[in-house]
Ligand SMILES: Nc1nc2c(ncn2[C@@H]2O[C@H](COP(=O)(O)OP(=O)(O)OP(=O)(O)O)[C@@H](O)[C@H]2O)c(=O)[nH]1
Ligand SMILES: [Mg+2]
């Protein structure tokens, strides 16, 4: 992945935190510094001489539902990874690019690391996470501020010792007693030699801008790998399938998401129109009814919401046709999981 050469251990040595240093660190982290590293978007793509360019991979990892994809979208400045309040929303390694001044950030969103149900789908998701943390320049380890669950500990076990890791305490807006964060931070620092600590909210634009300045320090000096206008490595076809899956996640009950996926059957462009046919694959006959809903209402709503959002992102007309199919046991079947596009 990254072509930069890094010394074998670029993670700073673990400082032994004292209460005073922790308080100072927390105070510094909470101080809202101006986002000086982020240029005016209008100047984002000024030409930069290759010898002045910096470029690197920043992997975003964490347990399910901590806000990794929300963060990726905020960093890239456009929705390229779907989000929902349910776990296991992201199922692929999704790369998003952002070029700011001399810096090109290659952010890598990953599935939430799965600690339950060892089926073929979950094994594929975890393989994706493992692949994403090696050979990157920086890892953003995302947790919910003030929390540390066994599922977070499992992700922590994956953190390589030769890559700097930023502890990103997300959903900071939900922390009401901020004074209690210092002991939490101390306990976190004892678990891993984090290079930095960033309490923030992925939904707060200013916090996201501050994060660029933090990440920029870890980008090696090397030529950009992507056109600064490019946003992602993922195709429109992939985005279409993901958008349908997002609406399915958001509009159906808790039971369904884990056992459903979306396959694109047709993706055609005719002038300013994109014609898409997609199939929602579910595991059980009973699930089919849940997706279709009474008189087809649910399926219709999934289609309408996905179409409207795709039209907005692509700025063109979209014709979206949806089908529902039952493939029992697909998530337990390695070959099927692969055939549906999971690594
Ligand atoms: N209050 C609050 N909610 C957030 C924040 N960031 C994300 N969320 C919400 O948290 C939920 C999960 O967000 P996602 O971005 O889908 O989480 P994820 O870590 O990518 O989840 P998986 O892909 O399933 O691993 C969504 O309902 C988001 O709106 C935040 O900073 N504050
Ligand atoms: Mg996600």
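In case you wondered, yes, glycine gets a Cβ from its N, Cα and C as well.
Looking at 101-104, 105-108, 109-112, the stretch flagged in TrEMBL as region 'G3' turns out to be 109-112.
In sequence order, 85, 86, 87, 89, 112 make up the list of same-chain residues 6 or more apart from residue 65 (GTP binding site) whose Cβ falls under 8 Å from its Cβ. Reduced to three states, the DSSP call for residue 65 (GTP binding site) is coil.
Counting residue by residue with DSSP, the domain 'KH type-2' (244-328) contains 40 helix, 30 strand, 15 coil. If you look at the region 'G1' (62-69), the same-chain residues 6 or more away from its ends with a CB under 8 A from one of its CBs are 81-83, 85-90, 94, 109-115, 141-144, 149, 151-152, 154-155, 170-171, 202. Per-residue pLDDT, averaged across the domain 'KH type-2' (244-328), gives 93. Proximity of the binding-site residues (62, 65, 68, 113, 172) to ligand 2: a Cβ under 6 Å from the molecule is found for 68. Under the DSSP three-state reduction, residue 172 (GTP binding site) is assigned to helix.
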